[in-house]
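Asker: My questions all concern the structure below.
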Amino acid sequence: MVPVIALVGRPNVGKSTMFNRLTRTRDAIVGDLSGLTRDRQYGEAKWQGRSYILIDTGGISGDEHGMDEKMAEQSLLAIEEADVVLFLVDARAGYTAADQMIGEHLRKRNKRSYVVANKIDNIDENLARAEFSPMGLGDAIPVAGAHGRGISQMLEIALREFPKDEDELEEGEVEEVAEGQEAKRIPGPSEKDGIKIAIIGRPNVGKSTLVNRMLGEDRVIVYDEPGTTRDSIYIPFERNEEKYTLIDTAGVRKRGKIHEEVEKFSVVKTLQAIKDANVVIFVMDAREGVVDHDLNLLGFALEAGRALVIALNKWDGMTPGERDFVKIELERRLFFVDFADIHFISALHGTGVGNLYQSVQNSFKSAVTRWPTSRLTQILEDAVSEHAPPMVGSRRIKLRYAHLGGANPPLIVIHGNQVEKVPKSYVRYLENTYRRVLKLVGTPIRIEFKGGENPYEGNKNTLTDRQVNKKRRMMSHHKKADKKRRDKR
């Protein structure tokens, strides 16, 4: 499970600055989803091979009423959702009554909480630690969020009990496929727990109904118990002798209950389900068409690089004209996930639900297959031969060879010269070429460029004495010849 870190504290202690710094390497993927997050902002970040979800909360002033009312509702929810709470205080302003009240609340919640003394510039760190020691939450971690000072130490402390990502592939870790061998699947979770499938979507689009339908007749359910964290449920089951694990974020329900209930949407559970899954089934309400919240949620899956299958639910009962309009909208607005299979289903009646499994299998296979360097390089050479990279100044971008850099999603590393100047349109061309030739379906593909160093850069020509003398004689000869030509004129 991906750990969740919440930033809490009173106003103007630097929470948003800290949030922006921590999510800078990977763009924040959620920013105040209207009607869903309100005062909370969610982001995804990674530090030394560990992914985590970051929550930025509104400030807590604590200047009136009791603590339960002073603590904003959204900040309370963020604390409940979090595995770790980073309690930011202002080292310049010192220990305040609001800090004391927030600290007391955190102690009562028995959360893993750390005091972070921000704005430590030009302040004695030992004095800052002593200033905030009365809160009883351990020594304060001194940082300067605006300048990045102390951030590594803070993250080391916050994440030290969490393992590195299971699918983290360091450079060179992917084994090479021998020449002449066929592409192979990288051994993954399917061999043990089955393909992990996360079913996500907006509230009330039919996720609960689809979950129950997939776990219904002709399925072998091993067990159905609530997960230990934030009510997510991991349900192993089998279908046609294939193993799967369904990650259900909609909460506990009776197996025989098919009708849809109003679901409480949780950004954290959705993000965690996506990160923990091998394949995401994204459910949309066909009768409502494509809405902005759908695009935001699809952005989660795309950012995480997960294989994707799209299910248009409630397809039954729509007129041919309505269906045609929805298909046009899908083509127009979902162009950025055009690699995903789209299924038109009725979770309530079961129409088309069985077809989802083949797309899940195909998507997972595409996401974890590996190819030899020779194969990827040949595809690159053919692509360049058919459509060469553009000229940059008087020189053409050169792409030399390619190799596999990771899986789930496939990462293809291309080496060459001036690669930092490759335009986005050409990157898209290469992505489409690899997708077409390798017959990839249902998975995003990522391309990373690495420039080659010039081995002669910085070297100067060193002439021998003989070469120097010859150069002088030639220059003298040319000067005499030029003088004769001028005299004749």
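Any Cβ shown, glycine's included, is placed from N, Cα and C.
Straight from Swiss-Prot, here's the annotation block:
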type: BINDING; residues: 9-16, 56-60, 118-121; note: GTP 1 binding site
type: BINDING; residues: 201-208, 248-252, 313-316; note: GTP 2 binding site
type: COMPBIAS; residues: 469-489; note: compositional bias 'Basic residues'
type: DOMAIN; residues: 3-166; note: domain 'EngA-type G 1'
type: DOMAIN; residues: 195-368; note: domain 'EngA-type G 2'
type: DOMAIN; residues: 369-453; note: domain 'KH-like'
type: REGION; residues: 451-489; note: region 'Disordered'
Asker: Which whole-number value in Å describes the distance between the Cα atoms of THR57 (GTP 1 binding site) and GLY201 (GTP 2 binding site)?
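Answerer: That separation, Cα to Cα, works out to 24 Å.
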Asker: Considering Cα atoms only, can you say which of GLY201, ASN204, LYS207, TRP315 is the nearest neighbour of ASN12 (GTP 1 binding site) among these binding-site residues?
Answerer: GLY201
Asker: Sort LYS15 (GTP 1 binding site) into helix, strand or coil using the DSSP assignment.
Answerer: helix
Asker: Out of ASN12, THR57, ASN204, which of these binding-site residues shows the lowest number of other CB atoms within 10 Å of its CB?
Answerer: ASN12
Asker: Quick check for the class: what is the C-alpha distance, in angstrom and rounded, between GLY9 (GTP 1 binding site) and LYS207 (GTP 2 binding site)?
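Answerer: That separation, Cα to Cα, works out to 35 Å.
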Asker: Return the average pLDDT for the domain 'EngA-type G 2' (195-368) as a whole number.
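Answerer: Summarising the domain 'EngA-type G 2' (195-368) by its mean pLDDT gives 79.
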Asker: Under a three-state reading of DSSP, tell me whether GLY201 (GTP 2 binding site) is helix, strand or coil.
Answerer: strand
Asker: Between LYS15 (GTP 1 binding site) and GLY201 (GTP 2 binding site), what is the CA-CA distance rounded to a whole number of Å?
Answerer: 29
Asker: Give me the DSSP three-state residue breakdown of the domain 'KH-like' (369-453), ordered helix, strand, coil.
Answerer: 31 helix, 28 strand, 26 coil
Asker: Have a look around LYS207 (GTP 2 binding site) and count the other CB atoms within 10 A of its CB, chains all included.
Answerer: 24
Asker: For the compositional bias 'Basic residues' (469-489), how many residues does DSSP put in helix, in strand and in coil?
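Answerer: Per-class counts: 20 helix, 0 strand, 1 coil.
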Asker: State the Cα to Cα distance, in Å, between TRP315 (GTP 2 binding site) and ILE120 (GTP 1 binding site), rounded to an integer.
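Answerer: If we compare the Cα positions of TRP315 (GTP 2 binding site) and ILE120 (GTP 1 binding site), the gap is 58 Å.
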Asker: What is the interatomic distance between the Cα atoms of ASN204 (GTP 2 binding site) and ILE120 (GTP 1 binding site), given in whole Å?
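Answerer: The Cα atom of ASN204 (GTP 2 binding site) is 47 Å away from the Cα atom of ILE120 (GTP 1 binding site).
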Asker: Around the Cβ of GLY9 (GTP 1 binding site), how many other Cβ atoms lie within 10 Å? Please give the count over every shown protein chain.
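Answerer: There are 25 of them.
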Asker: Reported as an integer number of Å, what is the Cα distance between ILE120 (GTP 1 binding site) and GLY201 (GTP 2 binding site)?
Answerer: 42
